């Protein structure tokens, strides 16, 4: 029968035909990511080198859209490649169908050249829709082994949003081909109903009015639950079957959205009040200094001490005389004005008795001194006068004040003041003192005399390095050194005795 009949009518032909059908079905369902798919001999004979249409897009493998039904909303691309009468061997009939096929192929290739990349859709919805269509075709074609539709080129069913449209004066064109290259991705995402494109549009125009921004946000948030589920499924599918032509940012998971219904809307007054209260709350929040109770108490004590003045030597009272800063930080200084006020009796309510100690040498003291001042230039004389028989005030509320000075109050006066304080500390238990208030006249007799000459006796001034008193100066200095040496020796002996005693 194989010899008398037409070629390929025997069992061998059927087995070969079944292998071709299985090969086509395997290629259809495998969905390989390679962009270079080898064409079958049948495709090469039908379409030539243009059978591999996925090379035109440079992305994932793609197939021709089905343009079979223009009027009903879906059309198959095989209308342009009109199905020719194939013989049982899969070859074209040499009758008039060749001209129809060539004309259809040329028109089909013309459409592909107009929009090669846009015609090959790669959206996730199109993949899902096309896959369902192809499963139906494959199931129906399993029982039709010997029919000619097994040799038809593979069809890709497009999404209904990507149908071809006919312009007034031109052929059928894809709506994606009307977009420019920059708006291609936005167009595809718009058909998907994805919120990503809408968010980017809001970012491009940040200076919109409040009303317009609210309208746009309402439109974005008014998604139904069904549309949200479709968007989630499509975005999850795009992670597996994403076209290389799409940017990587679209491969990221979708943004979370809150369903907002039309009936549940806030009035404008409530929104404005909420915004104003939120802004006031943010303004009220700020960095504030935290102060503990202990810090407050210490600060108050320091402020009180600074306002009241420094304390006296036994820390029991505040100094009766106003003090100023001087050369030695451990001593308290007073101005010539304060000493003049002390002499005039302005502090009688606080002071029972005061002493002005002139620490200069005798010839300086005789040359001019402050009224009522005592000339004590050696430490022995000072200790004998104040410590042998300490002076105690009769009124416990009043005080006894001692003011030291020399020519400039730089060396001799401060040294005598420290000597008296040391001896007083040694004789009393800390912090008790016989003479807690000791002062230094700032500037000495040199500054006091020009301003208050009437308070000096005699009203003259004799400097330490006077030409007429050089010999007396040497004698006083040697005497002071001897007294100083004797005092240091006595101190060392006292320390040794203290260490030896049990």
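Start at 1 and count along the chain as shown; that gives each residue its number.
Any Cβ shown, glycine's included, is placed from N, Cα and C.
Long-range neighbours of residue 406 (active site) (same chain, six or more residues apart, CB within less than 8 Å of its CB): 358, 359, 360, 412, 413, 444, 445. The active site feature in Swiss-Prot is assigned to 406; the stated evidence is similarity to another entry.
Mean pLDDT of the predicted structure over the domain 'Rhodanese' (350-457): 95. Positions annotated as domain 'Rhodanese' by Swiss-Prot, on the basis of sequence analysis: 350-457.
As annotated by Swiss-Prot, phosphoserine applies to 12 (among others), with the evidence given as similarity to another entry.
Annotation comment: Swiss-Prot describes 40 (among others) as phosphothreonine, evidence class similarity to another entry.
The feature phosphoserine is assigned by Swiss-Prot to 54 (among others).
Marked as phosphoserine by Swiss-Prot on the basis of similarity to another entry: 57 (among others).
Look at Swiss-Prot and you will find 60 (among others) tagged as phosphothreonine.
Taken from Swiss-Prot, the feature phosphoserine applies to 115 (among others).
Residues annotated as phosphoserine in Swiss-Prot, with similarity to another entry given as evidence: 122 (among others).
Summarising the annotation, Swiss-Prot assigns phosphothreonine to 123 (among others).
Annotation source Swiss-Prot lists phosphoserine at 194 (among others).
Marked as phosphoserine by Swiss-Prot: 217 (among others).
The phosphoserine feature in Swiss-Prot is assigned to 224 (among others); the stated evidence is similarity to another entry.
Residues or ranges marked as phosphoserine by Swiss-Prot on the basis of similarity to another entry: 501 (among others).
Marked as region 'Disordered' by Swiss-Prot: 126-150.
In the three-state DSSP scheme, residue 406 (active site) falls into the coil class.
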